[in-house]
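Chemist: Below is one structure. I have some questions about it.
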Amino acid sequence: MRSDVIKKGIERAPHRALFKAMGLTDEELDKPLIGIVNSFNELIPGHIHLRRIAEAVKTGVRMSGGTPLEFSTIGICDGIAMGHGGMKYSLPSRELIADSIEAVVRAYNFDGIVMIASCDKIIPGMLMAMARLDIPAIFISGGPMLPGRFKGEYVDVKTVFEAVGAVKAGKMSEKELKLLEDFACPGCGSCAGMFTANTMNALTEALGISLPWNGTAPAVYAHRIRIAKQTGMQIMKLVEEDLKPSDILTPEAFEDAIAVDMALGGSTNTVLHLMAIAREAGVKLTLDTFDEISEKTPTLVKISPAGKHFVLDLYEAGGVLAIMKRLSELGLIHEDRITVSLKTVGELLRDVSVLRDDVIRPVTRPYLSRGGLMILYGSLAPKGAVLKVSAIPDIETFEGEARVFDCEEDAVKAILSGDIEKGDVVVIRYEGPKGGPGMREMLAPTSAIAGMGLDRDVALVTDGRFSGATRGLSIGHVSPEAAEGGPIALVEDGDLIRIDVKAKRIDLLVDEEELKERKAKWKPKVKEVKGYLKRYSSLVTSANTGAVFRE
């Protein structure tokens with residue numbers, strides 16, 4: 001066993017003494033030691049219940065002859081960090097999580113590891129560590145939140161964000177907003193729509209590193225506890241077989257995950273996260289990989305913010321495997337690859353049925369003939385930008401005058417003050433990985449635009465990123481970012497910007513000579529940052545490579 005290095009032989013008597021100080025017996029130390037990474041905290045609705053999940057996992061480990069040992073890592077709620085300086089720490093926390101798990105697992109030489117998380121950056125941080133460590137491992141989430149109910153309609157946290165703009169526009173009273181606030185999020189779990197957290201949870205199934213139903217079984221359902229127990233039992237089988245992440249996280253696994261992502265109309269953040277996980281797994285992904293797969297993958301699902309359904313509906317429709325079953329009809333799924341279930345994808349799909357065609361459409365009548373995410377290039381984004389086409393109105397081209405802001409706060413103030421007009425292109429820059437630093441999510445401005453009824457008439461372009469709850473003509477991850485002197489740094493108020501969805505282009509319609517003059521005068525915008533953000537800014541690479549640390 002891997003763990004023998006810390007528990008076998010007379011030289012390890014001091015080590016055993018320390019384990020015994022925690023109540024462990026010789027019998028427990030003779031068994032495989034399974035690390036349980038639990039990101040429980042009292043700060044995130046998706047993590048508040050993870051102690052219960054961890055206890056069920058540990059029960060499963062013990063049932064199958066292992067000794068579970070739990071430790072923790074950090075987590076940030078993007079919703080609570082949204083719209084202020086705290087969001088600068090969200091994406092950077094991904095690297096901290098990966099590094100912290102690596103440190104503990106290497107120090108203790110576990111025989112296997114179970115990773116428990118529910119929300120945005122914690123999941124990819126854990127999967128990065130999983131790929132890096134390459135010991136038998138399995139992931140389980142805490143499950144999605146149920147949608148709330150307000151005035152006879154299902155709602156979620158996105159509804160509340162957009163309601164702020166509605167109040168400012170006089171379309172909703174503050175009293176109604178308070179009631180909505182009370183009813184929108186009825187309990188624990190990752191937010192009820194297909195935002196970043198639930199997209200990533202779905203993709204753990206598609207990648208094959210979690211058990212069936214992990215991506216969609218609700219947080220409060222007993223099914224979630226059963227999955228947790230099964231996960232604890234399954235890690236023991238993975239240890240016995242010595243099946244490692246490198247056996248599962250293959251190029252084909254990432255291709256399948258991207259196909260599922262596109263069929264789901266998933267969060268734009270998945271582009272960053274899948275590239276980061278793939279890098280740790282030694283698999284090369286580029287923006288073009290995403291676009292190539294998106295071009296041949298139909299959008300089969302529209303879950304909030306793109307449509308009226310929620311993750312609960314997807315669960316009732318058959319879950320992630322039901323989407324993969326549909327995609328397999330088009331030859332878009334590699335059915336011979338192995339998963340943590342110790343079954344191939346094809347074996348898992350054999351008995352799967354789609355239970356609700358209204359949620360997962362047949363491939364013969366998709367919402368879109370292509371996938372939900374699109375990569376744009378052009379003079380404003382020479383190295384690429386990302387658009388969630390599944391969450392935009394039927395717009396093929398948009399041309400408007402730039403309204404330029406050097407931070408999110410200034411843009412939100414202008415939007416809520418009524419200073420943004422129909423036809424404007426809101427440009428928010430110096431919010432990239434280096435320039436923010438931290439690449440904040442722009443949910444506050446996009447929600448304000450949508451809440452004020454301008455989502456068909458105003459575009460937003462940024463070198464920052466977006467929440468999975470964002471909808472409308474919102475283009476993020478513009479690369480190179482402003483802090484690196486990218487073209488977005490040279491945009492001035494009144495410049496024309498043209499977005500051509502059909503041609504997959506975003507262009508700054510300014511004379512080349514004029515841009516050369518502006519470039520000659522440009523100076524980097526210096527921000528005073530300290531501590532981790534200062535180190536992060538010095539190490540992080542561009543969004544078009546996943547905003548990972550340079551080698």
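Cβ atoms are placed via backbone N, Cα and C, with glycine included.
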Chemist: In Swiss-Prot, the residues D120, K121, E441 are said to bind Mg(2+). Which of D78, D156, D406 is said to bind at that same site?
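Modeler: Site partner of D120, K121, E441 for Mg(2+), according to Swiss-Prot: D78.
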Chemist: Would you kindly give the Cα-Cα distance separating S467 (active site, proton acceptor) and D120 (Mg(2+) binding site), rounded to the nearest Å?
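Modeler: Counting only the Cα atoms, the answer is 9 Å.
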Chemist: Could you round the CA separation between E441 (Mg(2+) binding site) and S467 (active site, proton acceptor) to a whole angstrom and send it over?
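Modeler: Computed Cα spacing between E441 (Mg(2+) binding site) and S467 (active site, proton acceptor) is 6 Å.
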Chemist: Among all the protein chains here, how many other CB atoms are within 10 A of the CB of D120 (Mg(2+) binding site)?
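Modeler: For D120 (Mg(2+) binding site), the count of other Cβ atoms within 10 Å is 34.
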Chemist: To which of the binding-site residues C119, C191 does the lowest count of other Cβ atoms within 10 Å belong?
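Modeler: Comparing Cβ neighbours within 10 Å for the binding-site residues C119, C191, C119 has the fewest.
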Chemist: Whose Cβ lies within 8 Å of the mean position of the Cβ atoms of D78, D120, K121, E441, the Mg(2+) site, other than those residues?
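Modeler: Once D78, D120, K121, E441 are set aside, the remaining close residues are I76, A81, M87, S90, L91, C119, T196, A197, N269, S467.
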Chemist: Of D78, C119, K121, C191, which binding-site residues are close to S467 (active site, proton acceptor), meaning a Cα within 10 Å of its Cα?
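Modeler: Correct set: D78.
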Chemist: Mind giving me a neighbour count for E441 (Mg(2+) binding site)? Other Cβ atoms within 10 Å of its Cβ, every protein chain shown.
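Modeler: Step by step: centre on the Cβ of E441 (Mg(2+) binding site), count other Cβ atoms within 10 Å, giving 32.
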Chemist: Can you check which residue among the recorded positions D78, K121, S467 has the largest number of Cβ atoms within 10 Å of its own?
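Modeler: It comes out as S467.
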